[in-house]
Amino acid sequence: MSQDVLATEGQPARRAVFHPVLKRFRRMASHWWLAPALGFFCAFWLLPFVQLIAIGAQPDNSSQTLGYWAVLTHSQYLWSLLSTVLLSLSVSLIAVAVAGVCGCFLARHRFFGKSAVLAMLTFPLAFPGVVVGFLVIMLGGRQGLSAQIGQVLSGEHWTFAYSLTGLFVGYLYFSIPRVIMTVMAAFEKLDPSLEEAARSLGASTWRVVRDVLIPGIRPALISTGAICFATSMGAFGTVFTLGTRINVVPIAIYGEFTNYANFAMAAALSVILGVVTWISLSLARRFAGDSVGGGA
Amino acid sequence: MFSSKTIRSRHGLFLLQLAFTLIVCAFMVVPVLMSVTAGLTENYFVGLKSGLTTRWLLEVWDLYADSIWLSIYLALACLVCTLILGVPAAYGLLKCNRRWAAFVEEMLLMPVAVPGLATALALLLAYGGSQGFRTSWLFILVGHVLFTLPFMMRPVLSVMQAIDVVRLEEAASSLGAGQLKRFFTVVLPNCTGGILAGALMVITLSVGEFNITWMLHTPLTKTLPVGLADSYASMRLEVGSAYTLIFLMMIVPLMMIIQWVGHWATRRAERVGP
């Protein structure tokens with residue numbers, strides 16, 4: 001339905017004799033309500049970002065080639081992009097799988113304490129990336145849980161927080177809560193009789209999952225997976241706290257900007273990163289309708 | 001009819017799934033609990049037997065009270081800005097034609113879709129030169145407003161669509177109310193649910209925002225999460241944990257109210273809506 005149609009249809013008849021120009025002006029008036037937000041957006045986001053795109057095309061400090069071209073031709077930057085994409089992809093896949101199992105279980109069963117379980121699975125949604133990084137240190141740092149367990153079992157400190165594993169665990173930590181609610185809602189909408197029918201026809205559990213459940217909630221899986229991917233690509237706080245030596249793109253941008261004042265390179269990498277996350281979030285919205293991403 | 005074997009295997013599946021879900025739950029909750037205990041223990045390396053204390057909490061307050069207050073002021077200022085910009089924008093989106101509305105919404109969503117680091121870098125390169133602005137807290141406020149605006153607009157817009165504001169307004173306009181009067185006396189009072197949900201979300205996000213803030217902050221304008229990163233990097237584990245505990249005490253109640261408001265809104269919508 002179009003609001004315009006409703007608005008003109010319901011108006012008193014005397015308005016209809018207005019001159020077309022005046023009518024047009026009345027409709028234009030609705031744009032004035034948008035003006036403050038749009039003005040703010042243009043001044044503080046659109047113009048700066050257009051400038052950022054332009055700076056990205058300037059010659060890079062070290063190689064004197066254009067920023068974007070340098071990203072594509074230098075193995076260091078290309079490798080950083082590739083490793084970030086691979087890390088984010090694998091985190092999203094695993095987060096969707098883990099949260100899919102939990103979501104299916106929570107949607108199909110009622111038991112005592114279910115709402116508490118659900119609350120525990122979703123409250124980390126509000127944690128910024130830095131806090132997630134610190135929680136990984138609590139689990140796998142030098143005084144963390146795994147170090148204490150290792151001390152008891154083998155007499156040595158097991159630490160994983162500052163390696164790729166730590167990064168992976170951290171990304172998984174902020175990804176799982178982003179998936180669970182959506183997957184659960186999708187399962188609740190899925191008709192349980194489909195599953196029953198497949199079972200009564202003799203399908204094994206694995207075949208039910210593969211042929212009934214996964215196709216049934218595919219849009220939810222794709223959209224939440226894309227949200228996780230975008231969040232992981234842009235995550236800065238977690239890596240920053242863990243101080244990992246893995247050069248993911250946000251850390252590369254930060255390094256280029258603060259350590260080397262290499263503005264062209266930082267801008268080029270930011271623009272490329274922005275395009276990647278924007279595409280994946282638009283994909284998410286195409287499948288889901290209304291989830292807004294959210295940074296970590 | 002199911003054979004007893006299928007029933008047994010399904011029971012086993014139930015237990016397996018339950019165990020898996022509980023493990024995931026533990027993964028989410030255990031580190032938080034560890035951090036809370038660490039913040040309250042005298043010496044975490046020794047363990048709980050060294051005794052419980054509020055010493056670290058007080059030390060955090062001594063060191064970082066400014067950053068905590070700045071975050072609270074920033075969140076409130078951010079809320080005021082998103083109310084002034086976002087609520088009229090939602091109303092505008094409702095009234096203008098659909099194509100244009102979709103385009104504007106997509107645009108205003110960009111600061112959320114693009115990583116905070118990129119937004120912050122763009123702001124820095126564009127306005128970093130103007131000293132007075134760069135060093136004031138308003139610079140961070142701009143970043144926060146950009147990031148939180150869609151979270152105010154979305155719930156308000158969806159409430160406006162759900163209660164069919166356009167029709168309510170027609171009634172008011174047929175009685176002779178002008179556009180401004182309609183906005184303040186008809187539209188606003190009917191959207192309080194959406195405004196409340198948006199406001200809570202804006203405050204939660206602003207208090208926890210790190211990616212943009214880290215790039216935009218100066219030594220004199222440190223917010224709570226910036227202080228957190230600082231304490232993780234340079235303080236002992238107990239201090240970092242105590243600071244995290246303070247952050248949790250601010251953010252978890254907000255999250256709970258948001259969930260509660262969400263439930264309340266859906267229940268109300270189910271009662272009122274079609």
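Placement of Cβ uses the backbone N, Cα and C atoms for every residue, glycine included.
In TrEMBL, annotation is done automatically, which means it is predicted and not curated.
Here the structure is a predicted model, which means the values were calculated and not measured.
Here is what TrEMBL records for this protein:
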TRANSMEM  A:32-57  transmembrane segment
TRANSMEM  A:77-106  transmembrane segment
DOMAIN    A:81-284  domain 'ABC transmembrane type-1'
TRANSMEM  A:118-140  transmembrane segment
TRANSMEM  A:160-180  transmembrane segment
TRANSMEM  A:220-240  transmembrane segment
TRANSMEM  A:260-281  transmembrane segment
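Proximity of the transmembrane segment (A:32-57) to the transmembrane segment (A:220-240) is not established, fewer than 3 Cβ-Cβ distances being under 8 Å for residue pairs spaced 6 or more apart. Recorded stretches compared: A:77-106, A:118-140, A:220-240, A:260-281; the one with the most Cβ pairs under 8 Å to the transmembrane segment (A:160-180) is A:118-140. Only residues 6 or more beyond the boundaries of the transmembrane segment (A:118-140), in the same chain, are considered here, and those with a CB under 8 A from a CB of the stretch are 102, 106, 146-147, 158-161, 165-166, 169-170, 173-174, 176-178, 180-181, 184, 235-242, 294-296. Beyond the transmembrane segment (A:260-281), the same-chain residues lying 6 or more positions past its ends with a Cβ under 8 Å from any Cβ of the stretch are 49, 52-53, 55-62, 66-68, 70-71, 77, 81, 85, 226-227, 229-230, 233-234, 249-250, 252-253, 293. Beyond its flanks by at least six residues, the transmembrane segment (A:220-240) meets 84-85, 87-89, 91-93, 95-96, 99-100, 128-133, 136, 167, 170-171, 174-175, 178-179, 182-183, 185-186, 214, 246, 248-251, 254, 273, 276-278, 280-281, 283-288, 291, 293-296 of its own chain at Cβ-Cβ distances under 8 Å.
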